[in-house]
Structures are given as C-alpha cells and as structure tokens.
Amino acid sequence: MDHVKLVNDPIDIAHIHQLLADAGCGASSVFVGTTRDNFQGKKVVSLAYEAYDSMALKEMNKICLDLRSKWPDLKHIVIYHRLGTVPVCEASVVIAASSPHRSEALESVSFAIDQLKTRVPIWKKEIYEGDHVSEWKENKESIRPKRSKSAFNYAACPCKVEESHDVPRTLVQIRVNDAELTKRLECFVNRKRDEINSQNVIDFKSSFVNSDIDLSDSCARTQSTIIKQEQSNCHLKVRRVNNRCGPQQMEMRPNYELELNKLMGSRDGQTDPFKEMRKSLPNSRLQAIESYMCLTTDNEENIFSRIKKVENRLLQLESISPEYRHFTKLEPSSMELPPPKKIRKKSYSVPELSAFIQKIKEGSEFA
C-alpha cells in the first residue's frame with residue numbers, strides 16, 4: 001500500500017514503522033532527512049518548506065508507481081514530507097519501504113529520495129541566526145529549468161550610454177517646467193475628485209424634500225441612503241451606454257474621405273467648390289470650416305470673432321471625446337425600425353359618447 005502525505009506537524013517515526021509492518025516482509029528500510037544547524041559557515045535556526053500541494057502529491061504518487069514497476073515485490077511504501085517551519089534536528093522528510101528481502105527495500109528507498117529531490121516541486125528557505133538574508137530556493141537536483149532558455153542575457157551585452165543634456169526639441173512632448181507640470185496634475189486630480197463627489201451626492205444623498213432638517217451642514221457621508229433599484233442587485237442606477245465608436249459600429253461609420261473632402265472644399269454632389277470660392281475668395285476657407293462645424297455664418301461679423309468661435313467649437317469637441325465630430329457622427333441605419341410614436345388616448349365625456357352613439361343609430365336607420 002502507498003502512503004503519501006504532506007504534513008505540517010512533526011512526523012512520528014513510530015507511526016511510520018506501523019505503516020510498514022507486514023507478516024510477509026522480512027526487511028524495512030527507512031530514510032529520515034533532518035534539519036542541520038549550519039550551511040556554508042552560517043548558523044541555521046530552522047528550515048521553512050513550501051510546496052505546490054496538488055502537483056507535489058501527484059509526483060509523489062508517480063514515484064510510488066515507478067518503485068513498484070522496478071521492484072514488484074515491495075509491500076508498503078511511505079513518503080512523508082514536512083511543510084512549514086522545521087526546527088533543527090526534526091525530521092523534514094521520511095521515505096520508507098518494506099519488502100520480503102533487504103536489497104529491494106534499500107535500493108527502492110535510495111531511488112525514491114533521488115526522485116523526490118529531482119521531481120517534486122518543494123521549496124525551502126534556510127532561516128539563519130543574526131542578520132543573514134534568507135531566500136527561497138529549489139533543490140539543486142531539480143530537473144525544472146531555473147530560468148527561461150530563451151531569456152536574453154543582458155550581462156553578456158554591455159550597453160554604453162552617453163549622457164547628454166542636449167535633447168532634440170522634436171522628441172520633447174511636454175515643454176514646461178516641473179512646477180507647471182505639477183500644477184496641471186493637481187488640477188486634473190482635483191477636477192476628477194469633484195466629479196466623483198458630485199456623482200456620489202446624486203447617487204447616495206436623499207433630497208429630504210418634506211423634511212424640516214437643516215441641510216446646510218449635511219454631506220453625502222452623513223445623509224447617504226441606499227435605494228434598491230428594481231430588477232437589480234445594485235443600488236446605483238444602471239444606464240445603457242450607446243457605444244458610437246466601437247468595433248461593432250464600423251459599418252455605421254461615415255465615409256471619412258468624403259467628410260475630409262468637404263472640409264477641404266472639394267467637389268460634393270452638384271456643387272462647384274471653385275465657383276463658391278470665386279464668389280467670396282477671402283472667406284471661402286473659413287466658411288467651409290464653419291459649415292462643417294455646424295456654426296452659423298455671418299460674413300459681416302469680424303473675422304477674428306469668427307475664428308474664435310471655431311476655436312471654441314474645437315475645444316468643446318476635444319473635451320467631449322478625443323475623436324472629432326465626423327468620426328462619431330453616425331448616419332441612421334436603414335435596417336433599424338423607427339421608434340414607435342407614443343399615442344395618447346383621448347378621453348371622452350358622457351355627452352360626447354351619447355352623441356356618438358346617437359349618430360351611429362341614425363346612420364343604421366338610414367341604411
């Protein structure tokens with residue numbers, strides 16, 4: 001019988017002998033690995049063991065199968081390994097086997113301990129006395145690679161870096177000093193914090209419309225309430241998001257080239273852009289931009305104020321989305337049915353109903 005186990009308590013050697021006992025066996029071999037008190041001249045206090053439990057037990061059972069295939073006469077096999085902290089002189093691993101003859105027992109135990117060190121994923125850390133640094137390490141006999149074979153060896157390829165403070169201006173994206181950059185970051189964080197606070201007030205704070213409580217000093221933290229949403233396990237309102245620029249909307253996106261040609265004053269349908277340009281050559285480019293930005297055009301208005309309106313429109317579009325208007329403006333799909341119109345039913349009074357019934361009766365008599 002095979003006895004395989006990872007234990008956190010001290011291993012009882014007497015219990016191991018009981019597991020090996022069998023009337024038909026004339027020999028039992030037991031290997032006990034203990035914690036020694038020194039390593040490379042450093043004082044060892046204890047050993048700490050960790051393992052990948054499921055994989056370790058699987059490999060230990062495979063070792064038992066290998067032992068029985070090589071030595072079929074083996075009766076009982078025991079493989080116990082400690083996990084956690086193991087003080088000095090305590091057993092950390094016990095491997096034992098019983099068989100009718102001593103040669104099978106001795107050879108199988110020697111083979112098992114070598115396979116355990118090689119195949120089972122168990123790591124240990126030596127805890128030293130004093131300020132010596134401890135680290136986790138695997139058995140040196142392990143067949144698992146310590147590092148990827150395809151990893152690049154940076155130590156074999158030294159790289160010399162020449163320090164230079166003259167950086168080309170084309171490679172610099174942010175051309176401000178540290179104080180200005182810190183100020184911008186603080187403003188961004190504060191604005192995001194204000195948005196979150198305002199949303200928390202909307203989602204959590206009740207209005208207390210009919211209450212006489214003074215709310216001048218109240219806040220969302222002290223006045224918050226949780227309102228159960230219908231057909232939902234969440235107390236926050238769930239809103240459907242219309243993803244207008246996702247991958248599923250590729251077919252509904254407009255023709256970018258056509259939109260850009262409109263912006264540049266190219267030919268569009270039956271209109272002649274050169275004819276329009278000859279009519280008002282100084283304002284043609286600005287008029288095209290204003291038309292594309294959906295701004296009202298007034299030729300008598302000052303050109304600087306018109307340019308200012310265009311700049312404000314661009315800033316507005318950039319604040320809404322990094323993409324511009326012609327990237328997100330979608331044409332209505334012909335496959336989609338128009339939303340049903342809400343029809344409000346008319347309420348009839350009693351005299352109106354009586355008059356309507358009377359008309360029906362008169363019509364039937366006439367027929």
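Just so it is clear, glycine is given a Cβ too, placed from its N, Cα and C backbone atoms.
Swiss-Prot annotations:
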- H101, R102, K117, K124, K125, E126: substrate binding site (BINDING)
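In the three-state DSSP classification, K125 (substrate binding site) falls within a strand. Of the listed binding-site residues, namely R102, K117, K125, the sparsest CB environment within 10 A is found at R102. With respect to Cβ neighbours within 10 Å, the binding-site residues H101, K124 differ, and H101 shows the lowest count. For the substrate site, whose annotated binding residues are H101, R102, K117, K124, K125, E126, the maximal Cα to Cα separation is 38 Å.
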